[in-house]
Amino acid sequence: MTGIKTTGEKKMMFFSGRAHPELAEEVAQQLGVGVVPTKAFDFANGEIYVRYQESARGADCFLIQSHTAPINKWVMEQLIMIDALKRASARSITVIVPFYGYARQDKKHRGREPISARLIADLMKTAGADRILAVDLHTDQIQGFFDGPVDHLFALPLLADYVGAKVDRSKLTVVSPDAGRVRVADRWCDRLGAPLAIVHKRRDKDVANQVTVHEVVGDVKGRICVLVDDMIDTGGTICAAADALFAHGAEDVIVTATHGVLSGPAADRLKNSKVSEFVFTNTLPSASELELDKITVLSIAPTIARAVREVFEDGSVTSLFDEQ
(Lines of atoms letter the chains of each structure in order from A and count residues from 1; the text may use other names and numbers.)
(Lines give C-alpha, C1' and ligand atoms only; values in the text may rest on other atoms or scores of the structure.)
Protein backbone atom coordinates (compact mmCIF):
# COMPACT_ATOMS: atom_id res chain seq x y z
CA MET A 1 0.00 0.00 0.00
CA THR A 2 1.25 3.46 -0.88
CA GLY A 3 0.08 6.86 0.17
CA ILE A 4 -1.65 8.13 3.27
CA LYS A 5 -5.34 7.86 4.11
CA THR A 6 -7.20 10.46 6.14
CA THR A 7 -10.47 10.02 7.97
CA GLY A 8 -11.13 13.69 8.63
CA GLU A 9 -14.53 15.23 7.88
CA LYS A 10 -15.14 18.20 5.60
CA LYS A 11 -14.64 21.57 7.23
CA MET A 12 -16.51 24.77 6.40
CA MET A 13 -15.04 28.20 7.09
CA PHE A 14 -16.93 31.46 6.60
CA PHE A 15 -15.13 34.71 5.74
CA SER A 16 -16.29 38.28 5.19
CA GLY A 17 -14.90 41.44 3.71
CA ARG A 18 -15.55 44.85 5.24
CA ALA A 19 -18.24 46.04 2.82
CA HIS A 20 -21.33 44.70 4.63
CA PRO A 21 -20.39 42.96 7.91
CA GLU A 22 -23.97 43.07 9.21
CA LEU A 23 -25.17 40.74 6.46
CA ALA A 24 -22.17 38.46 6.97
CA GLU A 25 -22.98 38.11 10.67
CA GLU A 26 -26.61 37.28 9.88
CA VAL A 27 -25.62 34.58 7.40
CA ALA A 28 -23.08 33.12 9.84
CA GLN A 29 -25.72 33.05 12.58
CA GLN A 30 -28.13 31.22 10.28
CA LEU A 31 -25.40 28.67 9.53
CA GLY A 32 -24.42 28.29 13.17
CA VAL A 33 -20.81 29.24 12.51
CA GLY A 34 -18.62 32.22 13.32
CA VAL A 35 -17.03 34.63 10.86
CA VAL A 36 -13.31 33.85 10.73
CA PRO A 37 -11.35 36.68 12.41
CA THR A 38 -9.58 38.68 9.72
CA LYS A 39 -7.10 41.51 9.95
CA ALA A 40 -7.83 43.99 7.17
CA PHE A 41 -6.87 47.63 6.77
CA ASP A 42 -5.90 50.28 4.23
CA PHE A 43 -2.37 51.56 3.90
CA ALA A 44 -1.82 55.30 3.67
CA ASN A 45 -1.73 55.15 -0.13
CA GLY A 46 -5.01 53.19 -0.34
CA GLU A 47 -3.59 49.69 -0.79
CA ILE A 48 -5.49 46.95 1.05
CA TYR A 49 -3.92 44.45 3.44
CA VAL A 50 -5.63 41.20 4.50
CA ARG A 51 -4.52 38.35 6.77
CA TYR A 52 -6.69 35.58 8.20
CA GLN A 53 -6.24 34.79 11.88
CA GLU A 54 -6.95 31.05 11.44
CA SER A 55 -5.61 28.36 9.12
CA ALA A 56 -7.76 27.68 6.05
CA ARG A 57 -5.77 24.66 4.86
CA GLY A 58 -8.03 21.94 3.51
CA ALA A 59 -11.23 23.85 4.29
CA ASP A 60 -14.23 24.58 2.07
CA CYS A 61 -14.14 28.37 2.30
CA PHE A 62 -17.09 30.70 1.71
CA LEU A 63 -16.23 34.38 1.29
CA ILE A 64 -19.00 36.99 1.30
CA GLN A 65 -18.60 40.53 -0.01
CA SER A 66 -21.29 42.75 -1.51
CA HIS A 67 -20.18 45.36 -4.02
CA THR A 68 -21.51 48.49 -2.40
CA ALA A 69 -19.98 51.97 -2.64
CA PRO A 70 -17.07 52.59 -2.95
CA ILE A 71 -17.48 49.67 -5.32
CA ASN A 72 -13.95 49.51 -6.73
CA LYS A 73 -12.43 49.28 -3.25
CA TRP A 74 -14.65 46.39 -2.19
CA VAL A 75 -14.18 44.49 -5.45
CA MET A 76 -10.42 44.78 -5.02
CA GLU A 77 -10.60 43.69 -1.39
CA GLN A 78 -12.60 40.63 -2.39
CA LEU A 79 -10.01 39.69 -5.03
CA ILE A 80 -7.21 40.05 -2.48
CA MET A 81 -9.12 37.89 0.00
CA ILE A 82 -9.65 35.19 -2.64
CA ASP A 83 -5.95 35.23 -3.43
CA ALA A 84 -5.09 34.93 0.26
CA LEU A 85 -7.34 31.87 0.60
CA LYS A 86 -5.81 30.24 -2.45
CA ARG A 87 -2.30 30.77 -1.07
CA ALA A 88 -3.48 29.45 2.32
CA SER A 89 -4.27 26.08 0.65
CA ALA A 90 -8.05 26.26 0.91
CA ARG A 91 -9.70 23.11 -0.45
CA SER A 92 -12.34 25.13 -2.30
CA ILE A 93 -13.30 28.81 -2.51
CA THR A 94 -16.92 29.86 -2.99
CA VAL A 95 -17.37 33.59 -3.52
CA ILE A 96 -20.71 34.93 -2.28
CA VAL A 97 -21.69 38.15 -4.05
CA PRO A 98 -25.10 39.34 -2.82
CA PHE A 99 -24.85 42.30 -5.22
CA TYR A 100 -22.62 41.73 -8.25
CA GLY A 101 -20.84 44.94 -9.21
CA TYR A 102 -20.72 46.15 -12.83
CA ALA A 103 -23.64 43.83 -13.68
CA ARG A 104 -25.26 46.50 -15.87
CA GLN A 105 -22.19 46.48 -18.12
CA ASP A 106 -23.03 43.02 -19.43
CA LYS A 107 -22.84 43.76 -23.17
CA LYS A 108 -21.53 46.31 -25.63
CA HIS A 109 -24.15 48.91 -26.46
CA ARG A 110 -21.77 50.76 -28.77
CA GLY A 111 -18.35 50.16 -30.26
CA ARG A 112 -15.20 50.46 -28.13
CA GLU A 113 -17.06 49.73 -24.88
CA PRO A 114 -15.96 47.10 -22.32
CA ILE A 115 -18.00 44.19 -20.99
CA SER A 116 -17.09 44.89 -17.38
CA ALA A 117 -19.37 42.23 -15.88
CA ARG A 118 -17.30 39.61 -17.73
CA LEU A 119 -14.09 41.24 -16.52
CA ILE A 120 -15.20 40.93 -12.88
CA ALA A 121 -15.91 37.22 -13.40
CA ASP A 122 -12.51 36.71 -15.06
CA LEU A 123 -10.73 38.49 -12.21
CA MET A 124 -12.43 36.30 -9.61
CA LYS A 125 -11.44 33.16 -11.49
CA THR A 126 -7.86 34.33 -11.89
CA ALA A 127 -7.68 35.19 -8.18
CA GLY A 128 -8.68 31.62 -7.32
CA ALA A 129 -12.47 31.39 -6.98
CA ASP A 130 -13.96 27.97 -7.71
CA ARG A 131 -17.62 28.95 -7.53
CA ILE A 132 -19.77 32.09 -7.43
CA LEU A 133 -23.01 32.41 -5.49
CA ALA A 134 -24.98 35.56 -6.39
CA VAL A 135 -28.42 37.03 -5.74
CA ASP A 136 -30.64 38.26 -8.59
CA LEU A 137 -28.05 39.02 -11.24
CA HIS A 138 -29.04 41.91 -13.50
CA THR A 139 -29.12 39.56 -16.50
CA ASP A 140 -29.04 35.78 -16.66
CA GLN A 141 -26.16 35.72 -19.15
CA ILE A 142 -23.71 36.82 -16.43
CA GLN A 143 -23.86 33.23 -15.19
CA GLY A 144 -21.99 32.25 -18.35
CA PHE A 145 -19.19 34.77 -17.81
CA PHE A 146 -17.56 32.76 -15.01
CA ASP A 147 -15.56 29.66 -15.92
CA GLY A 148 -17.02 27.50 -13.18
CA PRO A 149 -20.28 26.83 -11.31
CA VAL A 150 -22.55 29.80 -10.62
CA ASP A 151 -25.43 29.43 -8.17
CA HIS A 152 -28.08 32.05 -8.90
CA LEU A 153 -30.33 32.86 -5.94
CA PHE A 154 -33.66 34.68 -6.14
CA ALA A 155 -35.33 37.09 -3.74
CA LEU A 156 -38.72 36.70 -5.45
CA PRO A 157 -40.21 34.29 -2.87
CA LEU A 158 -39.17 36.57 0.00
CA LEU A 159 -40.46 39.78 -1.61
CA ALA A 160 -43.61 38.34 -3.17
CA ASP A 161 -44.74 36.59 -0.01
CA TYR A 162 -44.26 39.81 1.97
CA VAL A 163 -46.40 41.81 -0.45
CA GLY A 164 -48.99 39.06 -0.80
CA ALA A 165 -49.48 38.88 2.96
CA LYS A 166 -50.20 42.59 3.43
CA VAL A 167 -52.49 43.53 0.53
CA ASP A 168 -55.86 42.41 -0.82
CA ARG A 169 -54.75 40.04 -3.58
CA SER A 170 -58.06 40.46 -5.42
CA LYS A 171 -57.05 44.08 -6.10
CA LEU A 172 -53.38 43.39 -6.84
CA THR A 173 -51.70 43.95 -10.22
CA VAL A 174 -48.05 43.13 -10.81
CA VAL A 175 -46.30 45.73 -12.96
CA SER A 176 -43.07 45.45 -14.92
CA PRO A 177 -41.32 48.85 -15.14
CA ASP A 178 -40.04 48.03 -18.64
CA ALA A 179 -40.04 45.26 -21.24
CA GLY A 180 -36.83 43.77 -19.86
CA ARG A 181 -38.43 42.78 -16.54
CA VAL A 182 -41.54 41.09 -17.96
CA ARG A 183 -40.27 37.53 -17.34
CA VAL A 184 -39.64 38.25 -13.66
CA ALA A 185 -42.96 40.07 -13.29
CA ASP A 186 -44.70 37.08 -14.88
CA ARG A 187 -43.27 34.79 -12.18
CA TRP A 188 -44.65 37.20 -9.57
CA CYS A 189 -48.06 36.85 -11.23
CA ASP A 190 -47.86 33.07 -11.00
CA ARG A 191 -46.94 33.18 -7.32
CA LEU A 192 -49.57 35.76 -6.30
CA GLY A 193 -52.33 34.89 -8.77
CA ALA A 194 -52.39 38.48 -10.02
CA PRO A 195 -52.70 40.03 -13.51
CA LEU A 196 -49.76 41.68 -15.27
CA ALA A 197 -49.30 45.23 -16.52
CA ILE A 198 -46.30 46.82 -18.23
CA VAL A 199 -44.99 50.38 -18.26
CA HIS A 200 -43.73 51.08 -21.77
CA LYS A 201 -41.24 53.91 -22.14
CA ARG A 202 -41.21 55.94 -25.35
CA ARG A 203 -38.21 58.14 -25.96
CA ASP A 204 -37.96 61.47 -27.75
CA LYS A 205 -35.96 60.75 -30.90
CA ASP A 206 -34.61 64.31 -30.87
CA VAL A 207 -33.40 64.30 -27.25
CA ALA A 208 -30.83 61.73 -26.12
CA ASN A 209 -31.73 59.61 -23.06
CA GLN A 210 -35.00 61.47 -22.57
CA VAL A 211 -38.15 59.50 -21.78
CA THR A 212 -41.14 61.58 -22.85
CA VAL A 213 -44.09 59.22 -22.50
CA HIS A 214 -44.87 56.32 -20.17
CA GLU A 215 -47.60 54.16 -21.67
CA VAL A 216 -49.28 51.61 -19.40
CA VAL A 217 -50.26 48.32 -21.00
CA GLY A 218 -52.86 46.59 -18.84
CA ASP A 219 -55.61 47.63 -16.45
CA VAL A 220 -54.37 49.47 -13.35
CA LYS A 221 -57.36 51.71 -12.59
CA GLY A 222 -58.45 51.25 -8.99
CA ARG A 223 -55.79 48.57 -8.50
CA ILE A 224 -52.99 48.13 -5.96
CA CYS A 225 -49.91 47.98 -8.19
CA VAL A 226 -46.63 46.35 -7.20
CA LEU A 227 -43.72 47.47 -9.38
CA VAL A 228 -40.99 44.80 -9.47
CA ASP A 229 -37.35 45.42 -10.41
CA ASP A 230 -33.95 43.96 -9.62
CA MET A 231 -32.33 47.19 -8.44
CA ILE A 232 -33.05 50.84 -7.79
CA ASP A 233 -30.12 53.19 -8.22
CA THR A 234 -31.01 56.89 -8.47
CA GLY A 235 -34.74 56.14 -8.39
CA GLY A 236 -35.64 58.26 -11.42
CA THR A 237 -36.97 55.48 -13.64
CA ILE A 238 -39.00 53.67 -11.00
CA CYS A 239 -40.55 56.86 -9.59
CA ALA A 240 -41.53 57.98 -13.10
CA ALA A 241 -43.12 54.58 -13.69
CA ALA A 242 -45.06 54.95 -10.43
CA ASP A 243 -46.27 58.40 -11.48
CA ALA A 244 -47.52 56.89 -14.75
CA LEU A 245 -49.50 54.28 -12.82
CA PHE A 246 -51.11 56.93 -10.61
CA ALA A 247 -51.91 58.97 -13.73
CA HIS A 248 -53.73 55.93 -15.11
CA GLY A 249 -55.86 55.60 -11.98
CA ALA A 250 -53.90 53.25 -9.71
CA GLU A 251 -55.21 53.25 -6.14
CA ASP A 252 -51.78 52.57 -4.61
CA VAL A 253 -48.27 51.65 -5.71
CA ILE A 254 -45.73 49.50 -3.88
CA VAL A 255 -42.20 49.21 -5.28
CA THR A 256 -40.04 46.14 -4.69
CA ALA A 257 -36.41 45.56 -5.67
CA THR A 258 -33.79 43.09 -4.54
CA HIS A 259 -30.94 45.59 -4.50
CA GLY A 260 -31.28 49.08 -3.02
CA VAL A 261 -28.28 50.81 -4.59
CA LEU A 262 -29.83 54.22 -3.86
CA SER A 263 -27.22 56.60 -5.21
CA GLY A 264 -27.25 60.39 -5.48
CA PRO A 265 -30.79 61.85 -5.52
CA ALA A 266 -32.47 58.53 -4.65
CA ALA A 267 -33.27 59.49 -1.05
CA ASP A 268 -35.14 62.66 -2.04
CA ARG A 269 -36.93 60.94 -4.90
CA LEU A 270 -38.15 58.09 -2.73
CA LYS A 271 -39.16 60.45 0.07
CA ASN A 272 -41.15 62.73 -2.25
CA SER A 273 -42.71 59.96 -4.32
CA LYS A 274 -46.39 59.06 -3.95
CA VAL A 275 -45.36 55.41 -3.64
CA SER A 276 -46.62 54.10 -0.29
CA GLU A 277 -43.80 51.64 0.35
CA PHE A 278 -40.42 50.63 -1.07
CA VAL A 279 -39.40 47.06 -0.24
CA PHE A 280 -35.77 45.94 -0.57
CA THR A 281 -33.59 43.12 0.69
CA ASN A 282 -30.38 43.75 2.61
CA THR A 283 -27.98 42.65 -0.13
CA LEU A 284 -26.63 46.20 0.23
CA PRO A 285 -26.49 48.37 3.36
CA SER A 286 -27.81 51.48 1.56
CA ALA A 287 -31.56 51.00 2.16
CA SER A 288 -31.21 50.56 5.92
CA GLU A 289 -28.92 53.58 6.17
CA LEU A 290 -31.53 55.91 4.61
CA GLU A 291 -33.95 55.36 7.52
CA LEU A 292 -37.05 56.49 5.62
CA ASP A 293 -40.40 55.43 7.08
CA LYS A 294 -41.64 54.18 3.72
CA ILE A 295 -38.64 51.83 3.24
CA THR A 296 -38.91 48.21 4.37
CA VAL A 297 -35.81 45.99 4.35
CA LEU A 298 -36.17 42.20 4.36
CA SER A 299 -33.26 39.93 5.21
CA ILE A 300 -31.80 37.79 2.43
CA ALA A 301 -29.52 36.04 4.96
CA PRO A 302 -31.68 32.90 5.39
CA THR A 303 -31.77 32.39 1.62
CA ILE A 304 -27.99 32.74 1.33
CA ALA A 305 -27.41 30.47 4.32
CA ARG A 306 -29.61 27.72 2.89
CA ALA A 307 -27.72 27.89 -0.41
CA VAL A 308 -24.35 27.77 1.34
CA ARG A 309 -25.43 24.70 3.27
CA GLU A 310 -26.58 22.97 0.07
CA VAL A 311 -23.24 23.71 -1.61
CA PHE A 312 -21.22 22.51 1.37
CA GLU A 313 -23.27 19.33 1.77
CA ASP A 314 -23.24 18.60 -1.99
CA GLY A 315 -26.98 19.17 -2.13
CA SER A 316 -29.14 21.04 -4.64
CA VAL A 317 -29.38 24.82 -4.72
CA THR A 318 -31.94 24.60 -7.52
CA SER A 319 -34.31 22.69 -5.23
CA LEU A 320 -34.59 25.78 -3.02
CA PHE A 321 -36.47 27.55 -5.81
CA ASP A 322 -38.30 24.68 -7.53
CA GLU A 323 -41.71 26.02 -6.51
CA GLN A 324 -40.88 29.24 -8.31
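Quick reminder: no glycine exception, Cβ is built from N, Cα and C everywhere.
Feature annotations, reproduced from Swiss-Prot:
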ACT_SITE  Lys201  active site
BINDING   Asn45, Gly46, Glu47, Arg104, Gln105  ATP binding site
BINDING   His138  Mg(2+) 1 binding site
BINDING   Asp178  Mg(2+) 2 binding site
BINDING   Arg203, Asp229, Asp233, Thr234, Gly235, Gly236, Thr237  D-ribose 5-phosphate binding site
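Sequence features annotated in Swiss-Prot and their locations in the structure.
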residue	record	Cβ within 10 Å
Asn45	ATP binding site	5
Gly46	ATP binding site	8
Glu47	ATP binding site	10
Gln105	ATP binding site	17
His138	Mg(2+) 1 binding site	20
Asp178	Mg(2+) 2 binding site	16
Lys201	active site	16
Asp233	D-ribose 5-phosphate binding site	17
Thr234	D-ribose 5-phosphate binding site	15
Thr237	D-ribose 5-phosphate binding site	17
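Mapped onto three states, the DSSP output places Gln105 (ATP binding site) in coil. Taking a C-beta cut-off of under 8 angstroms and a sequence separation of 6 or more, Gly236 (D-ribose 5-phosphate binding site) has the following same-chain neighbours: Pro265, Arg269. Closest to Gly46 (ATP binding site) by Cα-Cα distance, out of the binding-site residues Asp178, Thr234, Gly235, Thr237, is Thr234.
Put simply, Asp229 is the one of the binding-site residues Asn45, Glu47, Asp229, Asp233, Gly235 whose Cα lies nearest to the Cα of Asp178 (Mg(2+) 2 binding site). Residues listed for ATP, Asn45, Gly46, Glu47, Arg104, Gln105, cover a largest CA to CA span of 30 Å. Cα to Cα, Thr234 (D-ribose 5-phosphate binding site) and Arg104 (ATP binding site) are separated by 14 Å. When Cβ neighbours within 10 Å are tallied across all protein chains shown, the highest count among the binding-site residues Arg104, Asp229, Gly235 belongs to Gly235.
Rounded to a whole number, the distance between the Cα atoms of Lys201 (active site) and Asp233 (D-ribose 5-phosphate binding site) is 18 Å. Taking Cα separation as the measure, Gly235 (D-ribose 5-phosphate binding site) is nearest to Arg104 of the binding-site residues Asn45, Arg104, Gln105. Reduced to three states, the DSSP call for the residue listed as 'Mg(2+) 2 binding site' is coil. In sequence order, the recorded positions near Arg104 (ATP binding site) (Cα within 10 Å of its Cα) are His138, drawn from His138, Lys201, Asp229.
Rounded to a whole number, the C-alpha distance linking Asn45 (ATP binding site) with the residue listed as 'Mg(2+) 1 binding site' is 33 angstrom. Following the DSSP three-state reduction, the secondary structure of Gly235 (D-ribose 5-phosphate binding site) is coil.
Ranked by Cα separation from Lys201 (active site), the binding-site residues Gln105, His138, Asp229, Thr237 are led by Thr237.
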